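*Asks:* Handing you a structure now.
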Amino acid sequence: MGGGTTDLNEDTAGVYLPLRNDDGIVNASDDSRLKQLGYKQELSRTLSLIANFSVTFSIVSVLTGLTTMYSSGLTYGGPVTMVYGWPVVGMLTLTVGVSMAEICSAYPTSGGLYFWSARLCGQDWGPLACWLTGWFNIVGQWAVTTSVDFSLAQLIQVIILLSTGGKNGGGYEASKYVVIAMHGGILLLHAALNSLPISLLSFFGQLAAAWNLVGVVVLTILIPLVATERASAKFVFTHFNTDNGDGINSKAYIFVLGLLMSQYTLTGYDASAHMTEETKNADKNGQKGIISAIGISVIFGWFYILGITFAVTNISYLLSEDNDAGGYAIAEIFYLAFKKRYGSGVGGIICLGVVAVAIFFCGMSSVTSNSRMAYAFSRDGAMPLSSLWHKVNKQEVPINAVWLSAVISFCMALTYLGSEVAFQAMVSIATIGLYIAYALPIFFRLTLARKSFIPGPFNLGRYGVLVGWIAVLWVATISILFSLPVTYPITNETLNYTPVAVGGLLILTISSWILSARHWFRGPVTNVEI
């Protein structure tokens with residue numbers, strides 16, 4: 001680390017000095033802005049706007065989120081919740097993303113959210129704000145990786161089940177230990193890929209984005225085209241499913257629960273911020289990556305929902321654990337579409353393979369984002385053994401942070417072996433915990449820094465405050481709604497443990513601050529020559 005580490009100087013870090021470099025060529029401007037923020041350039045700055053967008057878009061991955069959560073959408077409201085809930089959640093998510101993009105443009109560093117909170121809150125409240133935001137962000141990211149790679153392991157298990165005859169044909173059903181082993185193997189591959197130079201990882205990221213876009217288009221057209229029985233437009237646009245088998249009868253309540261499918265999918269777009277120290281023209285391209293990833297995902301995701309839902313004719317059967325896919329709704333839709341038309345479900349299994357590749361890419365990019373966050377957070381001394389996790393190798397890759405992220409994500413998944421309820425509580429942090437981290441710097445920008453915030457090249461002008469408050473209120477709303485019970489009557493097995501998990505994380509973070517961190521943690525520190 002440079003010439004020692006000290007607290008970041010507010011006089012230089014709080015002033016935005018425009019960087020003019022519109023030709024896409026890396027020059028001293030990006031490095032100069034990073035130095036103004038208190039850091040020297042250690043990572044390889046080779047990512048273009050397309051590459052930055054690709055990493056984020058492949059993490060949001062509508063094929064991943066909508067496929068794995070489609071059963072939830074069918075259960076709680078069905079077509080109406082999915083078709084109308086998706087654009088509503090999409091637009092509100094965009095307010096969060098745009099508000100984040102405005103701050104990202106002013107502070108383009110790998111630390112992202114926690115760095116923003118520290119700068120926006122100043123010297124008095126900055127360290128605490130940084131501590132809270134950083135830990136919610138990084139734990140939320142680890143939970144995302146856990147959830148994504150575990151969903152891939154589950155999908156692979158379903159593909160194997162269908163390939164060996166299906167549940168009703170004596171197909172192989174993997175035990176939870178086999179699923180965990182597959183999860184570990186997937187994480188191992190993702191860590192290995194993330195150990196490669198960023199130029200190669202950039203290629204895989206762009207391939208992932210193209211795969212997601214093409215995959216959505218192909219499946220959206222192919223599945224309803226192949227299906228011999230199709231839903232009517234009236235069913236797709238007006239049918240509201242209240243038969244959830246969970247003792248919930250209120251339509252408003254059911255609709256709200258169904259929104260989790262959309263909100264779970266539209267997350268992870270902070271990746272563009274965490275990649276800014278590797279992105280050319282970071283103060284412009286980082287925010288473009290955030291906004292474009294959300295916007296394009298909302299559009300393509302809506303068409304994917306429509307296409308698949310036109311192939312839905314019997315919701316109760318698709319959700320039944322007695323069908324060939326064991327209750328995995330989209331798998332059963334794909335399988336039946338081809339089986340009824342061609343007498344074989346092989347085509348449907350191949351389509352599931354397309355989704356599996358998209359999920360694999362999603363997990364790979366998620367580890368990329370995790371590792372950059374861990375690298376930055378440890379660079380500022382916030383993590384145990386920080387000096388170990390912010391080291392970079394000869395290829396300028398934070399190699400130790402990569403493997404740390406993979407190991408922690410695997411450890412989080414091990415809770416599944418003890419209790420599926422505990423596992424669901426753990427991964428719930430992937431949505432609520434991460435969104436709390438998104439909202440904190442936006443809230444600070446609206447309150448403590450309302451008059452002092454100096455925007456970068458991208459700013460919302462007079463609309464920034466309005467959009468920001470909508471974003472904060474939306475995060476507060478979903479934090480409450482998604483903590484509500486999803487089954488009645490409430491028992492130890494049916495209780496929604498999301499507030500327990502998120503509350504536990506909050507208690508641990510605050511306790512560690514009071515007992516220890518407040519004595520030594522001062523927020524972001526500089527590693528440039530003083």
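Placed from the backbone N, Cα and C atoms, the Cβ positions cover glycine too.
What TrEMBL shows for this protein is this:
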TRANSMEM  49-71  transmembrane segment
TRANSMEM  83-104  transmembrane segment
TRANSMEM  125-144  transmembrane segment
TRANSMEM  178-203  transmembrane segment
TRANSMEM  209-227  transmembrane segment
TRANSMEM  290-312  transmembrane segment
TRANSMEM  342-363  transmembrane segment
TRANSMEM  397-417  transmembrane segment
TRANSMEM  423-448  transmembrane segment
TRANSMEM  460-484  transmembrane segment
TRANSMEM  496-515  transmembrane segment
*Asks:* Let me spell it out: take the transmembrane segment (397-417), skip the flanking residues so only those 6+ beyond its ends count, and list any with a Cβ under 8 Å from a Cβ in it.
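*Replies:* Residues 43-44, 141-143, 145-146, 149-150, 176-177, 179-180, 183-184, 187-188, 190-191, 194-198, 367, 370-372, 374-375, 378, 388-391, 423, 426-427.
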*Asks:* Can you tell me which of 49-71, 125-144, 178-203, 496-515 gets the most C-beta pairs within less than 8 Å of the transmembrane segment (290-312)?
*Replies:* 49-71
*Asks:* Which of 49-71, 125-144, 178-203, 496-515 shares the most C-beta pairs under 8 angstroms with the transmembrane segment (209-227)?
*Replies:* 49-71
*Asks:* Within this structure, do the transmembrane segment (423-448) and the transmembrane segment (342-363) have 3 or more Cβ pairs under 8 angstroms, counting pairs 6 or more apart in sequence?
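*Replies:* Taking Cβ pairs at least 6 residues apart, the transmembrane segment (423-448) and the transmembrane segment (342-363) are not in contact, as fewer than 3 fall under 8 Å.
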*Asks:* By Cβ distance under 8 Å, which residues at least 6 away from the ends of the transmembrane segment (83-104) in the same chain are close to it?
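*Replies:* Counting only partners 6 or more residues beyond its ends, the transmembrane segment (83-104) has Cβ contacts under 8 Å with 73, 77, 112-113, 116, 120, 236-237, 255, 258-259, 261-263, 266, 269-270, 272-273, 276, 286-288, 290-291, 293-295, 297-298, 301-302, 305-306, 309, 435, 438-439, 441-442, 445, 453, 455-456, 458-460, 464, 467-468, 470-471, 474-475.
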*Asks:* Are there residues at least 6 beyond the ends of the transmembrane segment (496-515) whose Cβ is under 8 Å from a Cβ of it, and what are they?
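*Replies:* Apart from its flanks, the transmembrane segment (496-515) reaches 128, 131-132, 135-136, 139, 421-422, 424-426, 428-429, 432-433, 436, 479, 482-486, 521.
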*Asks:* The transmembrane segment (125-144) and the transmembrane segment (423-448): do they have three or more Cβ pairs under 8 Å, with pairs 6 or more apart in sequence?
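*Replies:* Yes, since the transmembrane segment (423-448) and the transmembrane segment (125-144) share at least 3 Cβ pairs closer than 8 Å, they count as touching.
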*Asks:* Thinking of Cβ pairs under 8 Å, which stretch from 49-71, 125-144, 460-484 has the most of them with the transmembrane segment (178-203)?
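*Replies:* Top-ranked stretch among 49-71, 125-144, 460-484: 49-71.
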*Asks:* Which sequence-distant residues neighbour the transmembrane segment (49-71)? Criterion: at least 6 residues beyond either end, Cβ under 8 Å.
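*Replies:* Non-local partners: 82, 144, 148, 151, 154-155, 202, 205-206, 208-209, 211-212, 215-216, 219, 260-261, 264-269, 271-272, 275-276, 279-281, 285-286, 288-290, 292-294, 296-297, 300-301, 304-305, 308, 318-319, 327-330, 354-355, 358-359, 361-362, 364-366, 368-369.
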